[in-house]
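Feature annotations, reproduced from TrEMBL:
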- 1-58: region 'Disordered' (REGION)
- 1-466: domain 'Major facilitator superfamily (MFS) profile' (DOMAIN)
- 17-34: compositional bias 'Polar residues' (COMPBIAS)
- 77-96: transmembrane segment (TRANSMEM)
- 103-124: transmembrane segment (TRANSMEM)
- 130-151: transmembrane segment (TRANSMEM)
- 163-181: transmembrane segment (TRANSMEM)
- 193-212: transmembrane segment (TRANSMEM)
- 287-308: transmembrane segment (TRANSMEM)
- 324-344: transmembrane segment (TRANSMEM)
- 356-374: transmembrane segment (TRANSMEM)
């Protein structure tokens, strides 16, 4: 989303002063608003950049740059470091759900997230906060993989996608609240308190996930069966190690240790083999693969909008507050569009066929609106059509995840969400920003660049239509 990713405001000032020589220098300087915010709500909860070496403008994620003497590269690494933990841990949590209770795994994830967030507030240099940010991604991974299947299991049948839309609506809502929370805490106290306060707020939820009766996901065997297998395996290993009563106690202990180690290695190899088999089965589900391919193309555009949108808006329409305009439009459209998409699909009848119809239609119409918006010379005309376009493209969030959940058998739902998340980032928003940058360097025209980028929405609509 536009508000949840990078806004290279410092570059806006430097580049645009050169490309717009008629603009007063003082006016250009006033238009540098914020450093790049991170992609999820917790990341915005930090602070203002009050370093004497940088302008006294709000930075909603990065710690006080003067504290750690961060350069721009390190600043950017911190805002996206959580992605490392997220992408690595998502498939792991999905795989572990087959041998451990998924509800307890969410508790583990929330606990990791809580302590990692507190660690961000207690960090003392770049590497300490970077590692904690990666661990924050590990915590988020449990929710990415497991929360949607739980919602799908427990939501009333006529309101399944509406419930999913409420869940995914929390992302732009959290971003909006994060801006306010980070600004208030960062300006009145210190950026560290923003992290500590959020960790305290999350702690009861982490504890609750361990103490309440755990829910069981459909398609998974009860966790007790996995424990029973482990106990049986250990028992068999112990019996095997004691067959010969004439072996000395030391040798017996060594054999027992080797047996336990062998059991652990065997379980790990079994988990890895099962993960490979499940992934192979998942990739053979044609409906799922088509859905994710469309989602990748969609996220390619959204990711590039997030990074380059404000700068493109400043260059094309000379917006005096491009960051806030794009961010505000995206947050509002993200909330309203996401909820609307879920309710519309429920009214149509929540089926995979109807979901694809809604995905292709909303994306196609949204592409037309956004494409037309970038063709207009009027700023107000652009904002009106771009708002309509964003409302339409964000209406896809609940339907696309509904298809991810219902195009595979129940036991693969957690893995389907994990693989979808990994795919849309690795092949979608991660490479899109640099590739669009290369295109802009070549054509040197932001209007042409944004039109070329927006046209990829038609590819997503076409994939989902097929």
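The backbone N, Cα and C atoms fix where each Cβ goes, and this holds for glycine too.
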Message: Please report, as numbers and ranges, the same-chain residues at least 6 past the borders of the transmembrane segment (356-374) whose CB is under 8 Å from any CB of it.
response: 291, 294, 298, 316, 341, 344-345, 348, 381-386, 388-393, 395-396, 399-400, 403, 447, 450-451, 454-455, 457-458, 460-462, 464-465
Spatial neighbours of the transmembrane segment (287-308) far in sequence, C-beta under 8 Å, 6+ residues away: 1-8, 36, 326, 352, 356, 359, 363, 393, 396, 400, 403-404, 407-408, 416, 419-420, 423-425, 427-433, 435-437, 440, 449-450, 453-454, 456-457, 459-461, 463-464, 466
Message: Six or more residues beyond either end and a Cβ under 8 Å away: which residues meet both conditions relative to the transmembrane segment (103-124)?
response: 42, 46, 63, 93, 96-97, 131-133, 135-136, 138-143, 146-147, 150, 191-196, 198-199, 202-203, 205-206, 208-210, 214-216, 223
